[in-house]
Amino acid sequence: MAFRKKSAKNPPVLSHEFILQNHADLVACVGMFFVLGLMFEGTAEASIVFITLQHGVPFPAAEERAPESKFLYYYGVKDLATVFFYMLVAIIIHATIQEYVLDKINRRMQFPKPKQSRFNESGQFSAFYLVSCIWGTFILVSENCLSDPTLLWRAPPHNMMTFQMKFFYISQLAYWFHAFPELYFQRIKKQDVPRQLVYIGLHLFHIAGAYLLYLNHLGLVLLMMHYFVEFLSHICDLFYFSDDRYRKEFSLWAVVFILGRLGTLIVSVVTVGFHLAGGQARNSDATAGNVNVLAAKIAVLSSSCTIQAYITWNLFNVQLQRWMEEDATLQAPSVKKKRTKGRSSRKGTENGVATANRVDSPHKRKEKPS
């Protein structure tokens with residue numbers, strides 16, 4: 001939605017239409033309330049809980065020569081306040097992209113209403129997936145996860161996270177939580193709401209699971225693989241909406257999709273099924289971040305397989321729907337041509353009969369006197 005969508009009539013204040021048109025301004029005012037709280041001594045402590053990361057402890061640096069210490073983080077109840085604040089930020093960014101990018105493209109391309117909603121959805125998701133892939137790849141490189149794959153199954157020091165790792169997960173949770181009010185702000189159709197709720201819920205479940213179980217590196221690698229495939233999917237949709245000649249690119253994306261699903265399953269099984277299955281831990285305290293227990297391993301593997309099966313099933317449904325739409329569009333002109341041919345043949349016969357009657361009428365008139 002746009003910040004200020006101009007209309008001929010201004011809706012009443014705090015009405016349904018007023019909230020939909022100006023929800024980004026209202027959310028920005030709420031966010032500024034927390035920012036302004038930093039200026040006053042009495043409210044600074046409460047505002048810091050919403051804006052900055054919490055539950056940080058100093059930890060000695062890895063190098064013995066370095067006298068300074070760095071901060072590592074764990075999760076806690078105060079993270080809910082931080083997720084709420086960055087959820088407001090995500091709503092504002094969503095509205096900015098909608099107004100200054102997607103709405104201008106919609107006006108220039110003049111899409112019909114069904115295509116406008118799908119185009120807006122693909123545009124928003126493609127921007128989010130692109131930023132997340134770049135950000136996540138930078139974290140994997142900076143924490144040497146690509147050069148040392150054992151970090152995928154090796155527990156972090158004292159079940160802690162670095163600043164950039166925790167901020168990434170907080171941002172991911174904030175984005176997917178912001179998707180719930182966006183269903184109302186974007187006026188999603190009722191028949192599309194259940195599909196969107198399942199899609200959002202699956203992402204929240206797996207991101208929160210990786211965050212709470214301290215499977216940070218494994219969850220980040222799986223998210224990057226999943227986001228890259230989804231990014232290609234929505235990019236193909238954007239080209240498909242702009243021009244129907246780009247239908248062939250869907251087959252290329254389907255190959256990448258299958259490879260991405262297989263890669264996700266292989267990484268999940270290898271990491272959880274082999275390396276975490278090295279032996280049952282004596283201390284089966286799940287709150288301490290210990291996932292080397294049978295229940296945790298089954299939960300991680302089953303959830304990973306479930307989301308892969310759901311996404312694959314969703315792909316087949318979308319492809320079948322597109323095939324049906326293409327068949328309907330191809331059959332419609334042929335039916336029209338048959339109807340026009342039938343009408344033209346009828347008109348031809350009627351005209352032929354009329355001309356024949358006109359030609360025969362003088363002879364019939366001459367034969368009457370005799």
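Cβ atoms here come from the backbone N, Cα and C positions, even for glycine.
These figures come from a predicted structure and were not determined experimentally.
The transmembrane segment annotation in TrEMBL covers 83-102 (among others).
TrEMBL lists 117-326 with the feature domain 'TLC'.
Annotation comment: TrEMBL describes 123-141 (among others) as transmembrane segment.
TrEMBL lists 167-185 (among others) with the feature transmembrane segment.
Taken from TrEMBL, the feature transmembrane segment applies to 197-214 (among others).
Same-chain neighbours of the transmembrane segment (252-274): 152-153, 218, 221-222, 225-226, 228-229, 232-233, 236, 297, 300-301, 304-305, 308, 311-312, 315, 319, counting only residues six or more beyond its ends whose CB sits under 8 Å from a CB of the stretch. Marked as transmembrane segment by TrEMBL: 252-274 (among others).
Positions annotated as region 'Disordered' by TrEMBL: 331-370.
TrEMBL lists 335-346 with the feature compositional bias 'Basic residues'.
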Close approaches to the transmembrane segment (123-141) from elsewhere in its chain (Cβ under 8 angstroms; 6 or more beyond its ends): 94, 97-98, 101-102, 105, 164-165, 168, 172, 175, 217, 220-221, 223-224, 227-228, 230-231, 234-235, 238
